[in-house]
Amino acid sequence: MDLTNKRIAVYVTGGIAVYKVANLVRGLIKAGAEVQVAMTQAATEFVTPLTFATLTRKPVLTDLFNQDQPDHVAHIHLADWSNLAVIAPATANLIGKLANGIADDFVSTALLATIAPKLIVPAMNEHMWFNPATQRNLTQLKADGYTVMEPDNGFLAEGYTGVGRFPETTAIMAEVVQQFGPQRLSGQNVVVTAGGTQEPIDPVRYIGNRSSGKMGYAVAQAAVTMGAKVILISTRPELPVPAGLHKIIYVETAAQLQGTVSSVFEGADVVVMAAAVADFKPDQYVTHKIKKKPHPTDMQLTLNQTPDILAMLGQQKTHQFLIGFAAETEDLLQNAQTKLTAKKVDLLVANDVSQADRGFGADQNAVTLLRPTAAPETLALADKSVIATQILERVANLLA
Ligand SMILES: Cc1cc2nc3c(=O)[nH]c(=O)nc-3n(C[C@H](O)[C@H](O)[C@H](O)COP(=O)(O)O)c2cc1C
């Protein structure tokens with residue numbers, strides 16, 4: 001996700017979700033945006049301006065009549081400076097004011113004065129949300145050209161479940177990116193596999209690997225952000241589901257992964273095999289828990305090779321762009337090059353999983369990209385979300 005050179009005004013109004021906006025502001029800054037925060041008086045009751053001033057390294061604007069900078073009128077300056085206005089959380093009150101052109105504080109006045117695209121992220125009690133006045137005001141704002149995000153359904157601050165929750169930061173970030181124009185993978189069907197497979201020995205034991213699924217999830221999220229229709233096939237139901245997915249399918253074993261990826265392969269344009277598929281599985285599944293034997297009896301477990309899913313897809317592909325991952329602990333490039341050729345993949349992402357700060361389980365990765373007809377390209381150590389975007393940028397270039 002790249003928001004370099006984007007100037008975003010974040011207008012914070014007085015709802016309980018204000019504390020979540022600190023995370024959003026961090027995310028926008030991390031993605032390269034320049035952010036200026038303005039708050040309503042009510043918003044400052046929930047979180048002090050100091051939090052946002054520290055994150056943005058700029059004073060937070062709250063007072064319409066503050067004369068600190070006599071060379072310009074602050075609300076008009078912010079209105080003209082920003083190329084996107086994000087109102088988060090947007091209270092029912094502010095939604096009502098905007099729908100009726102009321103400008104009686106810094107936030108509402110700057111918003112009336114800005115011609116930048118406006119993204120509204122409402123959050124409120126379910127009954128406030130469904131109140132006919134709120135719904136009428138939202139209809140008006142949509143007609144006026146505002147983009148309104150739907151609040152999530154979930155556990156509310158009131159202690160019960162309902163509609164009105166502030167959406168996840170990743171979903172808002174994806175919406176922000178969309179506001180800045182055409183996306184490079186729009187119209188592409190992308191299938192991503194993520195996590196390590198588990199091959200059961202008996203009802204309580206399995207053979208697994210250390211793949212956390214984080215890289216695959218980052219690729220899925222980046223593909224959504226770039227406009228793709230994404231199916232994620234995952235072995236990790238405990239991870240938060242990336243926002244904006246077309247579908248998520250959970251699997252456990254290599255055989256299930258093979259069946260699922262085969263069923264969606266035909267309709268895919270890009271297939272990213274980030275899952276770490278077990279190479280071996282127990283010859284037999286024992287339907288009851290295997291009992292310990294008296295010491296010192298050893299136990300033998302016979303393993304069979306699992307099908308090579310990547311090679312199978314390489315054989316079957318017609319129009320699909322196939323991306324494989326090679327996790328190696330030695331002779332990284334040599335092994336990856338062999339895999340690239342043998343399995344007929346279009347792009348191989350090779351990563352060294354012998355180092356603790358990258359690869360399996362870590363939040364960061366450093367990889368080398370191998371292509372059949374180009375020199376290897378190294379992507380320096382960075383967050384997996386950054387690496388994911390860099391990989392998909394290359395894919396978008398090759399598809400274009
Ligand atoms: C504890 C508390 C939580 C509130 N949470 C919300 C909320 O989530 N959404 C909302 O629309 N209003 C909420 N309100 C009501 C607003 O704060 C109130 O309508 C206020 O006038 C909004 O002012 P503003 O729109 O200028 O920020 C809450 C009020 C209190 C006291």
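Backbone N, Cα and C define each Cβ position, glycine as well.
Automatic, uncurated: that is what TrEMBL annotation is.
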Residue from Phe180, Phe325 that TrEMBL also lists as binding CTP with Asp279, Lys289, Pro307, Asp308, Ile309, Leu310, Lys339, Lys343: Phe325
Span of Asp279, Lys289, Pro307, Asp308, Ile309, Leu310, Phe325, Lys339, Lys343 around CTP - largest C-alpha separation, Å: 37
DSSP state at Phe325 (CTP binding site), helix/strand/coil: strand
Three-class DSSP secondary structure - Lys343 (CTP binding site): helix
Count of other CB atoms lying within 10 Å of the CB belonging to Lys343 (CTP binding site): 20
Residues that sit under 8 angstroms from Phe325 (CTP binding site) by C-beta distance, when 6+ apart in the chain: Met215, Met273, Ala274, Ala276, Leu348, Val349, Ala350, Asn351
